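**Q** Got a structure for you, questions after.
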Amino acid sequence: MDSPFKPDVVRGQVALITGGGSGIGFEISSQFGKHGASIAIMGRRKQVLDDAVSALRSLGIQAIGLEGDVRKQEDARRVVEATFQHFGKLDILVNAAAGNFLAAAEDLSPNGFRTVLDIDAVGTFNMCHAALKYLKKGAPGRDSSSGGGSIINISATLHYTASWYQIHVSAAKAAVDATTRNLALEWGTDYDIRVNGIAPGPIGGTPGMSKLVPEEIENKTREYMPLYKVGEKWDIAMAALYLSCDSGKYVSGLTMVVDGGLWLSKPRHLPKEAVKQLSRAVEKRSRAKPVGLPTSKL
């Protein structure tokens, strides 16, 4: 699908994307690169990184892969420093690394709960903390007239209500959203850094979708989604581009929901025509009923 953005909207910028070697993270890496940015992707699996970098470079995108675990502060610092040393600056940080699996709360070990919190919530803060020195206004490599950089945290909508078998992810993403809002307040005020989030819904062709949503459940989910379809990785990448380029220059502290309206939706228990018939019947009975005298003793 063609992009609605001009091909140079992030030209000359440098973006570091955690989890950028696969799924949504790779699509964001690819679209940022196609729109002019230089790309550093971070991940734990060397082969995935190598394949992703090769794919990006085949498109004419300047890209490097950096091994690291977002849970480790030393890895976060090392990857940020390596990005700066290679490209000379850092403009955009996208925290897309995430952990997820299904487990009933009673079957989920404290270690399993902690692991997802560490990847999603602690990992997001580790990367933000390490990147601050290069994202803030007036940082090395930054034009003083251009202001600060931009951070995008990939979240979810699971914690907006409650979700079956994902208490660990719900807790982690709630923490990510709180981090987004608080950093937008503090770092926007002190360092001119914009901080936003994106909460994807079901996105086809991703490891998370294949792991968490079997085909039978996906088909059932479509029945009560307002748009009757799952999203594409492209949808999330376009949201990330909007938040990173000048089109989103006055947006900060927002977690943008990109889920086709799914989290707002509920199964339709009555067809629309049945509702009309029921309403007419109720109205008819109401008019036929004698008004009578008030029966209250008050």
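Placement of Cβ uses the backbone N, Cα and C atoms for every residue, glycine included.
Keep in mind that this is a model prediction, so the values were computed, not measured.
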**Q** Can you pick which of Arg11, Arg71, Arg142, Arg181 Swiss-Prot lists for the same substrate site as Arg44, Phe101, Ser109, Pro110, Asn111?
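**A** Candidate listed by Swiss-Prot for the same site: Arg71.
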**Q** Of the ranges 19-38, 199-218, 279-298, which one does Swiss-Prot list as region 'Disordered'?
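**A** Within the set 19-38, 199-218, 279-298, Swiss-Prot attaches region 'Disordered' to 279-298.
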**Q** Using Cα coordinates, what distance in whole Å links Pro200 (NADP(+) binding site) and Asn111 (substrate binding site)?
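**A** Just about 26 Å between their Cα atoms.
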**Q** In the structure shown, which of the binding-site residues Gly19, Gly21, Pro200, Pro202, Gly204 has the fewest Cβ neighbours within 10 Å?
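**A** Each of the binding-site residues Gly19, Gly21, Pro200, Pro202, Gly204 was scored by Cβ atoms within 10 Å; lowest is Gly204.
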**Q** Work through the binding-site residues one by one (Ser109, Asn111, Thr206) and point out the residue whose CB has the fewest other CB atoms within 10 angstroms.
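**A** Looking at the binding-site residues Ser109, Asn111, Thr206, the Cβ with the fewest others within 10 Å is that of Asn111.
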